[in-house]
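This report refers to the structure that appears directly beneath it.
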Amino acid sequence: MTTHGETAATSTPDARALQEGIAEFYDQSSGLWEDIWGDHMHHGFYDPNSNVSGSDHPAAQIRMIEESLRFAGITDDPAKQPKTIVDVGCGIGGSSRYLARKFGAECQGITLSPVQAGRANVLAKDEGLADKVSFQVADALKQPFPDGQFDLVWCMESGEHMPDKAKFVNELARVAAPGGTIIIVTWCHRDLGPSEEDLEPWEKKLLNRICNAYYLPEWCSTSNYVKLLQSLSLQDIQAADWSERVAPFWPAVIRSAFTWKGFISLLRSGLKAIKGALVMPLMIQGYQKGVIKFAIITCRKPE
């Protein structure tokens, strides 16, 4: 699941309804997530062979950021560190603030959720980062930025909400600076086999139930993303399946949702958040059956 409210820029009634549903979902659920899990609204990165304790989850969310940077080839070499970053699907700004501190960078985050943007700006001010980090309500497929502005384009679990993946990828490439890095961490469905034209009916039924709860449009595969990046002549394209690395996360989310604190927070958050919580076991089922893949895809814009 993604916990970031952003989607496509189209004027059709279906697209507007999707945008409104996403914004309302995260307006309602972001406070619940922060109350229980903190300000990093994304999966953790785990050693699949280790025993996971409850106290490990915040550290695992930081590891997800660090491992994503490492996979993309972003090192601690000051000469190669990004100085301008856009967080596409910023949630309440956990990644943005972490990256701004780590690199001394200026970071701008966008989300469809006014509640998320407002909370992210408050947290940035509280942490003394208001001069480095800012957040606004904006559409990921019509970003309010000039061409070639950002050294790092960061998309942590936001691509799931994009009904037009080609337009999404085009917009990421547009705002990336020459030589800049694009990091996409996202849910995908499994890659199709050579003789397959589509997923099995039962697989599509499972994904549709998840889509209805989390305001997701049609899914795509990791190979679909790679082909889109290739079509734009982007360089150093890499992809990996991190499903096993995030597998401990959803059982932990379910356990936390059904503690007394989680239960009370759910009731306060509203029907959309409750509906999302009830569908969480389907994510585990999707992982276990190999339908849902948690992927990282990275590339670089030519200089």
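Glycine residues also receive a Cβ, built from the backbone N, Cα and C atoms like all the rest.
Of the given residue ranges 15-24, 65-74, 85-94, TrEMBL assigns the label region 'SAM motif I' to 85-94. TrEMBL lists region 'SAM motif II' for one of the ranges 130-138, 148-156, 166-174, 292-300, namely 148-156. Among the ranges 175-184, 205-214, 225-234, 265-274, the one that TrEMBL lists as region 'SAM motif III' is 175-184.
Counting same-chain residues at least six beyond the ends of the region 'SAM motif II' (148-156), those with a Cβ under 8 angstroms from any Cβ of the stretch are 4, 42, 64-65, 68, 74, 82-89, 95-96, 99, 105, 172, 174-186. Residue counts for the region 'SAM motif III' (175-184) under DSSP (helix as H, G, I; strand as E, B; rest coil) come to 1 helix, 9 strand, 0 coil.
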